[in-house]
């Protein structure tokens, strides 16, 4: 059956901001779906609140709305655009829940819109824990013993039936939000309370624990004629009890017999049929008891998921693209497989002749108070994938791709008690402690007994440890061609071999080159080399035949950003994708190097050639040797490729764009100071210190408060504001080992200054400003965590012109070719330069969406020698509307972590709001970030002494909107003196009823809480912020944020929806 002709336009719902449990894999699937449906002639309408996505580029859909993903907003878009159908399976849990809300609130019926890809009933049956269990029993598959509960009494009764440890799973959530494993009654009550809050239907599944069972996933695609194929099987290295998003996973499954695999395959197809997923991709999770082989179904997702992005990258089969086409009526046998150039139909099950390993990336260093033990609630922020011909090779490649300083199984501890603890209670580095256990003399049986990891995986690591021991007992010259090749085939990096031999990495590399030992590159082709493939999707391995077949065209190689993490996220991937697209359009052959399976950059048709490899010097140099590119771009992948810049230049690689020396001039304090002095620009007073005594002496010279940080950081890692010599001493003792042979930087902190971000692009001759963004939060909050407005909402034209002049002067002085980002602080009308980054910044996608100028593309062409004039980019575009970017935080996943913002970045994602006024844009950005302001209730204010004057306007704005105002004693007294009617409310230590009670009783609509720097007032008010977080009450830890929300709330009853195409069209007509 060919495609449906009764549908003309289709609305795709995106996944919104990047949060833990839902990352950029949905940008990848949504972008594929847009392309697939437009290819077939459908009009595609897209809604997604995240500006840092490729799918929200104006070219991806016919009409694009960067608006909050909530049913009320989507209804306005439906009323305006009148789509025939909605495809809700491309945007993760957010899109599914939004689609169900549209159905429940009668919107789909009112406008006669059909759900395609998954019916309301199928979504409900898969996501509703009780219905799912009934469905499984009906087809003879068992689930863990479990009970669906809607009240705490029901939950307690269910727990008695299933016993401890007990698993708690909320309905309709993703990333295991709100769930957990309870080992006693107190834990059980706490997790249930959290779970009821997290579930939109106030429903929990109380389930028997299958801790220690083996976990598997099947990625399945089905069409309307009931053709079903398995894309790939995935096995978890970690047994049940760790969320699959936090587990190391391996594809294809390694420890199933063929018979077991066939049983699981048949079961997964039966699950899809019973749930009613008629078309598209789904993933089904199983647990197998290692004692007797008993198999149970854990859950299924009736949509493309994190696992399907992994399966797509692991096999080369574009699940999201195929699922989108199946949703409009195609069948699998009618679709061709792109990767084989159409030689095979999409109904061929992929077959793979290599092993894929995925390892999650965590960011616990950003949340020291968080519990870093892994359970059923997901905590990782990114992931890395590697391919090899053996499990050992792909595992070790994945470890070095993580960029946590590993180059293999680096030792972590030799203390047997600590090793035992780490094996028994999984944390982010359990696999390293397995290796340590073998080093410390544990037997395979003992290790298996403690951690329940399958003995087959343990045997692989044991073998690697024997190899390590043999290497460290010898010297480099012992490693002849055969010996070194054996190590390389098992995935050992030059750097790890160097550590074992106590020599430099360079010596091992030179020795290997003398032996003429190099990797070859194999192709990912979905068919285990049965058919020839034109698609250059490659991974390295140490074998005989190389399948790279490089061309002799003029090539540019783009180094990607590696795994997502806080401080380096999807924004950098966005820039890499744009570089590849722009340079392809300009006639270059583009080569992408990256190892992040969630991203658009690792899609095989984004660039001409894709190398799925770790971003280490060894791996990059080998690709350069094979491809011999004309130029390499290191400026677009964040800190990851920048760290390689100098070493690449030393090895004769041509880095195009801003030179490595200029990057160093901007990053190196002393050199940068000289640049600013020569230009006559101001910096906050600053000093450099190499040790504690020097720091204390220099701090006295400048005066407190100070911002202290190590040099060369991204995301404000280990950056703090200190107010006294005691705090500085503590910082120097606890945080200073952050960067090797790098001193600590001390800057005078500009209190209550306005921070400003500027992105610009230069071709070496001309400089064009991309956008000037005024931060909402004052200087001292990391720029990645601050809301910002383009154009500025309160900076005078004179100040903006001065900022433009200074930006251009620095771009010329540093010899920038490509993109540059500058952060300024404005205090009492004086402009200070805080820092300059001559590279792509995280605001580039936002600026591009707000102005219609694709900065990353323009910058990439500049690097390749195409001038701004030739590109027709000669003047700054200032929008005639407001665009506001807001950060999204993962605090709800880390109970106990304080929500106070500071100079260390902690947000995982961002949203954008657009409006005719700053207030409207800011309010929509807050909605996009998940903040919901109740239309009634009280506004609670509790601010430090210096903020009291600033909070008067906020109180007046909210009072005018009909809210009551309540405040703690000092703030209430101050506001009353200034003519406001305020109810005084107790702080928690002052006795009951206190603010914690008012929050729990649902009396408070919004919290503004700022604290002075002394630890006592921070800990006294911690409970206010925690209660607000748990009750989902919007809270602001800066007066600026509270004031902006009070302005925004004025326009909440008349919010418009604006498409990117109509906004950009307006700007083009104006110019």
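Every residue, even glycine, has its Cβ placed from backbone N, Cα and C.
Per Swiss-Prot, the features are:
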type	residues	note
BINDING	129, 169, 175, 176, 208, 210, 215, 241, 242, 243, 285, 299	ATP 1 binding site
BINDING	285, 299	Mn(2+) 1 binding site
BINDING	285, 299	Mg(2+) 1 binding site
BINDING	299, 301	Mn(2+) 2 binding site
BINDING	299, 301	Mg(2+) 2 binding site
BINDING	709, 748, 750, 755, 780, 781, 782, 783, 823, 835	ATP 2 binding site
BINDING	823, 835	Mg(2+) 3 binding site
BINDING	823, 835	Mn(2+) 3 binding site
BINDING	835, 837	Mn(2+) 4 binding site
BINDING	835, 837	Mg(2+) 4 binding site
REGION	1-403	region 'Carboxyphosphate synthetic domain'
REGION	549-930	region 'Carbamoyl phosphate synthetic domain'
REGION	931-1071	region 'Allosteric domain'
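Taken as a whole, the region 'Carboxyphosphate synthetic domain' (1-403) shows an average pLDDT of 91 in this prediction. Counting residues of the region 'Allosteric domain' (931-1071) by DSSP class, helix then strand then coil, yields 74 helix, 22 strand, 45 coil. Each of the binding-site residues 242, 750 was scored by the other Cβ atoms within 10 Å of its Cβ; the lowest score goes to 750.
A 10 Å radius around the C-alpha of residue 823 (ATP 2 binding site) takes in these binding-site residues out of 215, 242, 837, in sequence order: 837. Around the Cβ of residue 215 (ATP 1 binding site), the same chain contributes 235, 236, 238, 239, 240, 244, 247, 285, 286, 287, 288, 298, each under 8 angstroms and 6 or more positions distant in sequence. Note: the Cα of residue 780 (ATP 2 binding site) and the Cα of residue 835 (Mg(2+) 3 binding site) are spaced 13 Å from each other. When Cβ neighbours within 10 Å are tallied across all protein chains shown, the highest count among the binding-site residues 299, 835 belongs to 299. Of the listed binding-site residues, namely 129, 709, 782, the sparsest CB environment within 10 A is found at 782.
Among 709, 748, 750, 755, 780, 781, 782, 783, 823, 835, the residues given in the record as binding ATP 2, the maximal Cα to Cα distance rounds to 18 Å.
The most densely surrounded of the binding-site residues 285, 301 is 301 (count of other Cβ atoms within 10 A of its Cβ). Residue 129 (ATP 1 binding site) falls within a helix when secondary structure is assigned with DSSP.
For residue 208 (ATP 1 binding site), the number of other Cβ atoms no farther than 10 Å from its own Cβ, over all displayed protein chains, is 18. Among the binding-site residues 299, 301, 835, the ones whose Cα is located within 10 Å of the Cα of residue 129 (ATP 1 binding site) are 299. Looking only at the binding-site residues 242, 299, 301, the one with its C-alpha closest to residue 750 (ATP 2 binding site) is 242. Counting only residues at least six positions away in the same chain, the Cβ atoms of 666, 820, 821, 822 sit under 8 Å from the Cβ of residue 837 (Mn(2+) 4 binding site).
DSSP assigns residue 750 (ATP 2 binding site) to coil in the three-state reduction, placing it in neither a helix nor a strand. Distance from the CA of residue 208 (ATP 1 binding site) to the CA of residue 301 (Mn(2+) 2 binding site) is 21 Å. Here the Cβ of residue 823 (ATP 2 binding site) has 19 other Cβ atoms within 10 Å, regardless of which shown protein chain they belong to.
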